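Report on one structure; see the data block that follows.
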Amino acid sequence: RPPRFPFPSSPSVSPAADPAVISPQDPTLLIGSSLVATCTVSPESHLRAEDLYWTLNGRRLPATSYTTLGPTTLSVALSRLNGSKQQSGDNLVCHSRDGGILAGSCLYVGLPPEKPVNISCWSKNMKDLTCKWAPGAEGETFLHTNYTLKYKLRWYGRDNTCQEYHAAGTYSCRIPKDLALFTPYEIWVEASNRMGVAVSDVVMLDILDVVTTDPPPDVHVSRVGDLEDQLSVRWSSPPALKDFLFQAKYQIQYRVEDSSEWKVVDDVGNQTSCRLAGLRPGTVYFVQVRCNPFGIYGSKSAGIWSDWSNPTAASTPRSERAAGGCDPKGGEQNTTLRRELKQFFGWVRKHSYGCSNLGIKLYDQWRVWLQKSHKARNQVGKDPSA
């Protein structure tokens, strides 16, 4: 951060006297404005206008922009000013011929703040409230802009000011405690800088409608016997859910090891286990689970999803049919088996909604029977001495 003005006096001048004065001092200007500033040296400095020059942010301004207004006064003209290069203001400095600093002024060139938008809030386990927002359509004002999150109970109570800023990013604030339940809050954001104030629209919310929680812990992924296209996923409810009454629903996403594309299972419901089917044999899968508390104390909100759990990996068994060679007749049988499996599995997925225990168990029984039948057929015709 650059030094603030006024600058210290030069060694040849008494500290009690200012060697020069700049006017106007620390002006605030709109982008595109023009400015004429003057530097007047004191008689005690024994300097004249021709002994002076100007710099802006350390860069010497051309003499063609100067005008001598008197024996001890030199002006500089600045036109079509751009936004300040630093939010603390641009340094306009008057120097003596030997480079000494005589006086300085800060130029604040920018825009008034815009109305903050897109306010969203969430409560972690009903113990706090965090809100974030966007600074407006343009955002950049080129001036230091303060954002203040304010809130109050809808029907009574005084305005309160949030204190813990940057909790979830640059434009965010966290209210850590003393929250009221069953009473809606009014929440808004005020933006202010040297050129004005802008206030967001008021958002009304109930804490119970914006609750989120921790990701489900203890996620385990395991094989389902020898079934090469399935994995079983189990997890525990987040511990905080035991502290308050509500329902929870879960969601699973999974991907293969060599892909960044996740597939989502939306219909897990409130159970803490699920079967993934239709997977590729002999493939490593990464699985994550998240939780959404909903229906808390009668709330009709859709709820807010937690973060995803850390990825858990498991692999499906390799397909026995894919190993070794086979005769044309066996190949035809494998083709028929795959076709029948595909048809039956499509029926199961269509009617089981992804996680129906009844449908999956029926499918498992059918698959095991087919695999045993297939192995028995492969033994027929083999030479025992081979």
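Every residue, even glycine, has its Cβ placed from backbone N, Cα and C.
These features come from TrEMBL:
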type	residues	note
DOMAIN	11-94	domain 'Ig-like'
DOMAIN	115-210	domain 'Fibronectin type-III'
DOMAIN	215-319	domain 'Fibronectin type-III'
REGION	310-333	region 'Disordered'
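Within the domain 'Ig-like' (11-94), the DSSP-based counts of helix, strand and coil residues read 9 helix, 37 strand, 38 coil. Sorting each residue of the domain 'Fibronectin type-III' (115-210) by its DSSP state yields 3 helix, 46 strand, 47 coil.
Per-residue pLDDT, averaged along the domain 'Ig-like' (11-94), amounts to 88 for this model.
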